[in-house]
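Here's the structure, in structure tokens; my notes come after.
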Amino acid sequence: MSLSTSKEAGRPTRRGARPAPVKTAGPRPRSRKPAFTVRRGLAIAGFMAPAVLFVAVFTYYPMVSGSQMAFRNWNLNDLTDTSWVGIRNFQAIFRDPVFYTVLDNTLIWVVASLVPQLVIGFAIALWLRRRFRFRGLYQALVFFPWAISGFLIGILFRWMFNSEFGVVNDLLSKAGLIDEPVPWLAEPKTAMAAVVIANIWYGVTFFAIMILAALQSIPDELYEAAELDGAGKVRTLFQVTIPYIRATLALTVLLRVIWIFNFPDIIFGMTGGGPSNETHIVTTWMITITQQGDYGKASALGLVVVALLMVFSVFYLMATREKKGARS
Amino acid sequence: MRRRQAVIALGLAATTVMTALTGCSAGVSDGKVHLKMVESLTNPSRTAVLKKLIADFEKKNPKIKVDLISPPTDQADQKIQQMLQSGSGVDALEVRDITAGPWATNGWLYDMSKDLKGWAGWKDLTDNAAKYAKDAKGRTYYIPYGFYGLSLFYRTDLVKEAGFKKPPASWDELLNQASAIQDPGKRQYGYAFRGGTNANSNAVAVIEAYVADRIDRDNGFKLTSGKTIFSAPEALDAMKTYLKLFKKASPPSSVAWGYPEMVEGFSNGSTAFLLQDPEVIATVRQSKSIKESQWTTAPLLAGPSGKAVQPVATAGWGIAKGSKHKAEAVKLVEFLSQGDASTTFTKENSLVPILKGAGEDPFYRTGPWASYVTMTENPDTYLTAVQPRDASWWTEWVQKSDAELQKLLLGKMTPEELLAGWDAYWTKKWKSRT
């Protein structure tokens with residue numbers, strides 16, 4: 001089983017592009033990958049089996065099972081007839097006028113939440129990167145919202161935005177900014193604004209955490225060099241900081257878009273999709289369809305969501321792909 | 001070293017898999033029959049009461065042990081559905097009037113008719129309880145444990161200050177009194193309007209009151225002529241009154257008010273009237289803003305004919321068809337549906353009782369509960385009508401009607417359009433079922 005590394009020394013590496021390192025008297029070179037044998041293959045398969053089984057049972061089986069529901073008459077209120085219905089569930093979605101309201105709302109929900117989250121999160125990360133007293137405490141306070149359940153945040157903000165008893169109107173009134181209570185959750189536009197505000201408060205933390213981690217990887221020498229070259233703060237931000245963490249930013253934004261898109265908790269807690277469906281996004285609408293027992297239609301909507309997000313992800317990754325040598 | 005690590009890793013993986021597998025088939029071997037019971041409308045104090053009653057049952061039946069499962073209310077019915085669908089893991093369960101129909105259709109509930117044929121408890125049940133214990137075909141899928149019924153919570157002091165001698169008895173009187181009390185400048189509002197989740201229930205209550213003389217009491221959404229209640233001209237009058245009640249006598253933000261806001265609005269003294277179930281009595285009693293002397297309840301509001309229709313809602317105890325211990329589960333259901341166990345459960349959970357004798361209990365004859373006794377003792381004025389909550393499309397209806405009511409309140413729909421849509425919806429649904 002043991003392989004002699006000395007026999008293989010000097011051969012080109014697997015990539016073949018670079019020559020093998022020349023042997024020196026220094027530390028022993030890393031042992032190379034042993035050849036594949038049946039016994040080794042079985043051992044690898046044995047180790048992987050539990051994980052593969054777990055993923056197959058708990059991820060892929062529900063996914064496939066859920067997907068086939070989209071093409072069947074699968075209504076929990078009457079499971080005596082679960083026959084195949086082709087694309088009827090998809091037609092039901094595309095013919096439902098609520099679907100188009102929901103798509104508009106989802107777009108507003110994602111964009112209006114994402115941009116402020118990114119900007120404020122970035123600002124907080126830049127602030128937290130500096131060394132100052134009680135920095136650890138501030139970091140803990142900033143990251144705190146991420147530890148709270150989204151639904152609970154929804155309930156809290158529902159009371160805060162309550163027109164008659166809520167703290168928001170009370171503060172605005174005491175500050176002299178409003179004469180009479182704003183019916184935040186009763187009007188479509190103000191209701192959407194309220195849920196977006198709650199989501200911004202919640203999501204800023206994620207950007208702050210991710211960007212702070214990326215900022216800490218930037219070598220101080222780069223800033224010193226920029227300073228020597230006479231770059232100001234703004235120029236340093238756009239020509240040193242952002243280019244250096246561009247990959248992290250791109251990935252974080254992609255993750256956040258997908259998560260915000262699929263994040264019904266706050267809306268469900270605050271408005272339940274109302275008034276008159278005006279704050280429903282795709283996933284809150286999917287929950288209401290599930291509550292009706294129509295798992296066929298809900299699964300079809302789920303597949304539409306997956307398709308939309310896949311198309312977005314492909315275009316986004318293509319648009320943000322770093323060209324070779326772009327950073328250098 | 002490497003071999004040792006490999007052995008440890010394989011051992012851990014095998015242990016994990018074995019633990020998972022054994023967890024799926026854990027058995028109990030103490031010589032007792034173990035019943036798994038699941039509740040749906042879970043809350044901590046209610047669970048505590050249920051546990052106490054179960055302990056009493058176990059004392060009387062030492063060979064039966066009941067394991068109570070209490071999922072969070074929001075997910076409870078979905079969890080119960082999954083358990084029922086798998087065909088095992090549940091014996092006795094809480095069945096709601098909205099879940100009874102679909103679950104029975106799917107063959108998940110056990111028909112207890114034969115087991116309960118000679119049950120002594122039948123004679124003690126109120127007419128309503130006995131009626132709800134059987135479906136249209138005479139099958140018993142659950143025995144109700146209590147009823148949720150509406151009454152009018154009102155502020156005695158505000159009504160008096162506004163110059164009225166007694167609380168409103170009809171919807172028109174409510175509009176009149178609530179409008180007189182409304183004063184937004186002082187943050188004082190007349191009526192705790194329900195515009196959010198389940199707004200349809202109160203809107204239907206108004207319509208049913210207006211068509212009380214012609215309502216089909218076996219299906220509260222139908223007239224005796226077979227048409228929907230929404231098609232009646234009186235329904236339009238009802239909706240116009242209801243809309244006025246919102247515009248003239250309710251907080252503007254109540255478009256979005258659900259149960260919590262309505263109860264909070266009344267409890268903190270902001271609103272003078274509230275139409276709610278008896279469970280709210282306990283909540284309002286805990287209020288620090290209004291004293292017990294400042295409020296009480298009045299019977300449900302009547303329509304122009306002087307009659308009101310109580311849109312009864314209920315839930316009860318049933319048995320899973322897949323249960324292997326049906327005889328023991330029936331014993332448990334019988335125990336919970338009679339005598340002290342039933343009275344304790346309804347009292348502690350502020351429910352309208354299922355037992356005839358409960359009306360004599362001082363608990364129900366005094367204070368805010370008295371209006372419920374008044375309604376029970378005057379069945380010709382306070383009619384009861386079965387709501388079609390067992391329809392498979394009930395949840396769809398609730399969501400649709402709630403959203404459309406909000407459109408009405410926001411001025412995006414007229415009462416005529418709303419009622420025409422509801423009439424068409426129910427007519428089509430009933431036609432498709434036949």
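Every residue gets a Cβ built from N, Cα and C, even glycine.
The region 'Disordered' annotation in TrEMBL covers A:1-34.
Under the heading transmembrane segment, TrEMBL lists A:41-61 (among others).
Per TrEMBL, the feature domain 'ABC transmembrane type-1' maps to A:103-316.
Under the heading transmembrane segment, TrEMBL lists A:107-128 (among others). Listed by sequence, the residues of this chain that lie at least six past the ends of the transmembrane segment (A:107-128) yet keep a Cβ under 8 A from its Cβ atoms are 135, 138-139, 142, 192, 195-196, 199-200, 203-212, 215, 237, 241, 253, 256-257, 260-261, 267, 281.
A Cβ distance under 8 Å defines the sequence-distant neighbours of the transmembrane segment (A:140-161), meaning residues of its chain 6+ beyond its ends; these are 124, 128, 167-169, 184-185, 194-195, 197-198, 201-202, 204-206, 208-209, 263, 265-271. Annotated transmembrane segment per TrEMBL: A:140-161 (among others), in sequence order.
The annotation transmembrane segment is assigned in TrEMBL to A:191-215 (among others).
Annotation comment: TrEMBL describes A:236-261 (among others) as transmembrane segment.
Marked as transmembrane segment by TrEMBL: A:300-319 (among others).
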Counting Cβ pairs closer than 8 Å, which of A:41-61, A:236-261, A:300-319 has the most of them with the transmembrane segment (A:191-215)?
A:236-261
